[in-house]
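Colleague: Here you go, one structure.
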């Protein structure tokens, strides 16, 4: 699997007069078609990293390669078309008077012919389940609906990568799961690469890989299963301890020790059934 994004030795600070770097010698890669989660405490450098990838910020030094091209001042607008970004607060992204207008906005700026534009808008709204709201004012939508429209606007541009910058953090648990399912379906349909900045365990669990950032550096890269196996140490990374890990600890405290390796809910259920049959 080829790398769609490669980050080499990034250094960045918001104030050139400061000695402290927000990002210090950050390197990693993102494979084409994978779902990569980036986690860490507030101030760890997660959002700064993806803003550098999207060209919203400029690194002091280092290299960002997107789809085989190094990101520079000359090609930042060209490469930005390969990336769709959805932020925490969708209200900050709305520019159209209606949902349909808002999704079409980026396509108009790109000079997409009217017929193709209407087709893309309809397809994108259908994908996120918002077709019936296309004439609605964005301000009258719920938080989850607004995020769906923001995602539709990104998908309509046909990017290769979608970056979710804590896009589910303001939603209730049900809305969060619905949005994650939507992103998952879109990813499969278009073979999109997803980069997710998140604190949500359900999002992390869907990832192929997880990068942990700490104090502006990459602390570790692992699979979700390996990460969840860190148990109570996850709290220091800004995550909750997974339900299955907490349940296994409770069971062990009551005399039913089934090991310390992290198990998914399905794996734990199967393990408990096996133990039950042996009793």
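Using the three backbone atoms N, Cα and C, a Cβ is placed for every residue, glycine included.
Just lifted these from Swiss-Prot, have a look:
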DOMAIN    5-240  domain 'ABC transporter'
BINDING   40, 41, 42, 43, 44, 45, 46, 47  ATP binding site
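Give me the lay of the land around each of these features.
Modeller: Long-range neighbours of residue 43 (ATP binding site) (same chain, six or more residues apart, CB within less than 8 Å of its CB): none.
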Colleague: Work out the three-state DSSP category of residue 43 (ATP binding site).
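Modeller: In the DSSP reduction, residue 43 (ATP binding site) maps to coil.
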Colleague: Sequence gap of 6 or more, Cβ distance under 8 Å: name the residues on the same chain that satisfy this around residue 40 (ATP binding site), in order along the sequence.
Modeller: 46, 212, 213, 214, 219, 237, 238
Colleague: Taking 41, 46 as the binding-site residues to compare, which has the smallest set of other Cβ atoms within 10 Å?
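Modeller: Lowest Cβ count within 10 Å among the binding-site residues (41, 46) is 41.
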Colleague: Can you check which residues sit near residue 47 (ATP binding site), meaning Cβ under 8 Å from its Cβ, same chain, 6 or more apart in sequence, and list them in order?
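Modeller: The answer is 165, 166, 197.
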